[in-house]
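Record features (TrEMBL):
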SIGNAL    1-30  signal peptide
DISULFID  C54-C103  disulfide bond
DOMAIN    54-76  domain 'Glycoside hydrolase family 19 catalytic'
ACT_SITE  E98  active site, proton donor
DISULFID  C117-C126  disulfide bond
DOMAIN    170-180  domain 'Glycoside hydrolase family 19 catalytic'
DISULFID  C203-C235  disulfide bond
Amino acid sequence: MASSPTPAGILTTVLALGLALLFAATTGGGTDVGTVVSDAFFDGIKSQNQNGNCEGRDFYTRNAFLNAANQYPDFAQGGTEDDGKREIAAFFAHVAHETGSMCQIREMDEHAMDDFCDLTYPQWPCAQGQKYYGRGPLQISWNYNYGAAGQRIGFDGLRNPDTVAKDPLVSFQSALWFWMTNVHQAMPRGFGATTRAINSGECDGQAPDKVSDRVNYYKKFCQQLNVDPGNNLTC
């Protein structure tokens, strides 16, 4: 039979519980990414693309996303459960916009042949013959992003940037690396701030159609996740 706790033991238990509650209050909560990003939610995004030749249809998978998200434990955390849902909706809104609902793996617009090599970042020297145009769920670009993402994840982003377009796990890891480095901290300021963090060139009336497209995806996904989209949706 279990023995009754001593007064000292009771005090220790109370103090431990108090510290646990204080820690939870100061660190914030979040949401269970695996539960929110269900098969239905993930596959529903891909189903919006009706292009039968869509190269991303089999490339982007929920398992690859979840495995990548496991390596970024602060994603969709740090606030309330609704805050976490809004961050997930925001992430996939930008993914849907950038990739045509997870169809496009490599950049296909007029900039696809540009090398995106910025020589003002000597710590990330461009490799001969390589181009750092957009690839992956968020279409990361520029040598400084490929170099830093590769260093964080563990692939040679400068000499082999196309790994982002060939390995589904690395692809989502790179997108989440970019998100957590540049976008996550903007979420409390509203969805519009995340658009500015990803592509400020669309903001301030420069590309209203693109901004509107991102917002429409975001509101749609928020509705699916049963969460209010909040304020400040445009940039």
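Backbone N, Cα and C atoms are what each Cβ position is placed from, and that goes for glycine too.
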Nearest of the recorded positions (C54, E98, C103, C117, C126) to C203 (disulfide bond), judged by Cα-Cα distance
E98
If we skip the immediate neighbours and take only residues 6+ beyond the ends of the domain 'Glycoside hydrolase family 19 catalytic' (170-180), which ones have a Cβ under 8 Å from one of its Cβ atoms?
59-60, 64-65, 67-69, 71-72, 74-75, 91, 95, 105, 135-138, 140, 145, 148-149, 152-153, 155, 157, 163-164
Measuring CA to CA, name the entry from the recorded positions C54, E98, C103, C235 that ends up nearest C117 (disulfide bond).
E98
When the Cα of C126 (disulfide bond) is compared with the Cα of each of the recorded positions C54, E98, C103, C235, which one is closest?
E98
Where the distance is taken from Cα to Cα, which of the recorded positions C54, E98, C103 turns out closest to C235 (disulfide bond)?
E98
Neighbourhood of the residue listed as 'active site, proton donor' by C-beta distance under 8 A, where only residues 6 or more apart in the same chain count:
Q104, G134, P137, L138, Q139
So how many of the residues in the domain 'Glycoside hydrolase family 19 catalytic' (170-180) end up helix, strand or coil by DSSP?
11 helix, 0 strand, 0 coil
Which same-chain residues, if any, lie at least 6 apart from C54 (disulfide bond) yet have Cβ under 8 Å of it:
G100, C103
